[in-house]
2 protein chains.
Amino acid sequence: MRYGIAIFPSKKIQDEANSYRKRYDPHYALIPPHITMKEAFEADEEEIENKIIPELKRIAKDTDPFSIAIYKASTFSPVTNTIYLKVENSEEIASLNEKLHSENLPGAKEFSFVPHITIAQKLSDEEFSDVHGSLSMLKFDLHDTIDRFQLLYQLENGAWSVYETFRLGQEEQ
Amino acid sequence: MRYGIAIFPSKKIQDEANSYRKRYDPHYALIPPHITMKEAFEADEEEIENKIIPELKRIAKDTDPFSIAIYKASTFSPVTNTIYLKVENSEEIASLNEKLHSENLPGAKEFSFVPHITIAQKLSDEEFSDVHGSLSMLKFDLHDTIDRFQLLYQLENGAWSVYETFRLGQEEQ
């Protein structure tokens with residue numbers, strides 16, 4: 001099965017992202033707005049239960065909740081014409097990303113980590129220039145505390161279903 | 001915020017349900033196939049964190065994983081024209097539903113509990129009779145072990161985002 005790891009920010013940020021995704025992102029219906037922390041990787045259920053989940057629990061326990069901030073939209077153009085809410089890079093989110101690509105977990109890190117929430121993708125060149133023109137002018141002032149990440153798996157229709165939540169920091173009880 | 005509690009069955013069952021939902025369920029894009037364990041209720045974040053989540057943890061710990069079986073599709077007609085995969089009722093799932101409606105949790109139980117996975121809803125009368133005619137002939141033989149439930153919240157666009165997963169039974173570590 002195909003698994004991935006994502007952070008879902010607060011409802012406020014998800015609602016804001018969805019106001020753009022609705023028009024500009026064909027993946028709008030497949031998954032709520034998210035920060036991809038680990039790209040899709042293949043694993044079987046036995047490996048997920050016995051190896052990957054225990055490792056993710058260790059990582060979560062070993063990571064304190066951290067803040068994120070979003071001030072603007074940006075793009076991966078010319079590599080792809082994806083437009084995203086740029087999550088300001090920080091030591092904390094970069095470090096969590098590093099841990100999620102340790103040798104104890106499957107899935108290679110193919111790109112350097114640019115924390116982001118996609119709001120537009122798979123646009124035609126013309127659409128891209130229109131949409132990018134207007135989104136790149138916008139200023140945002142969004143803040144959130146991240147205290148969990150989620151392990152998801154992909155259904156046959158391309159949608160993602162959450163398998164498990166991992167709370168950052170020590171368990172309270 | 002509006003919260004709800006659902007069980008997401010295995011990928012196999014979700015894929016099967018989606019093959020019908022794609023055509024017949026306008027909520028297809030809002031949430032993956034699920035068994036609603038507690039209808040939408042209002043709560044604020046403080047209440048969720050300090051009261052509801054600790055109670056859900058206790059309930060999860062106090063509930064052993066259980067099996068479900070699906071043999072046929074059924075309908076709530078004439079109350080609504082919803083068509084669903086009928087999850088065979090069992091003491092285990094009924095008991096979990098009861099616990100999720102204890103007085104320590106908000107949200108009243110308005111209907112008697114009929115465990116199900118919706119595959120068609122909001123059809124016109126004509127569509128309903130066509131679709132029900134064909135789906136009611138089908139035999140299914142789907143089995144799954146349920147070992148978790150999820151707390152979700154609803155975004156402004158109507159989609160549901162998972163807030164936390166609760167594993168049934170004792171924590172292994």
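Placement of Cβ uses the backbone N, Cα and C atoms for every residue, glycine included.
From a predicted model like this one, the values you see are computed outputs, not experimental measurements.
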**Request:** Among A:52-55, A:116-119, A:128-131, A:152-155, find the range that TrEMBL records as motif 'HXTX 2'.
**Result:** A:116-119
**Request:** For the motif 'HXTX 1' entry in TrEMBL, name the matching range from A:2-5, A:34-37, A:94-97, A:110-113.
**Result:** A:34-37
**Local backbone state of A:His34 (active site, proton donor), from DSSP in three classes** = coil
**DSSP-assigned states of the motif 'HXTX 2' (A:116-119) in counts, ordered helix, strand, coil** = 0 helix, 4 strand, 0 coil
**Request:** Rounded to the nearest Å, what's the C-alpha distance separating A:His34 (active site, proton donor) and A:His116 (active site, proton acceptor)? Just drop the number here, would you?
**Result:** 8
**Cβ-Cβ distance under 8 Å to A:His116 (active site, proton acceptor), same chain, at least six residues away** = A:Ile35, A:Ser74, A:Tyr84, A:Leu85, A:Lys86, A:Val87
**Message:** Suppose you look only at the motif 'HXTX 2' (A:116-119); what would the mean pLDDT be?
**Reply:** 98
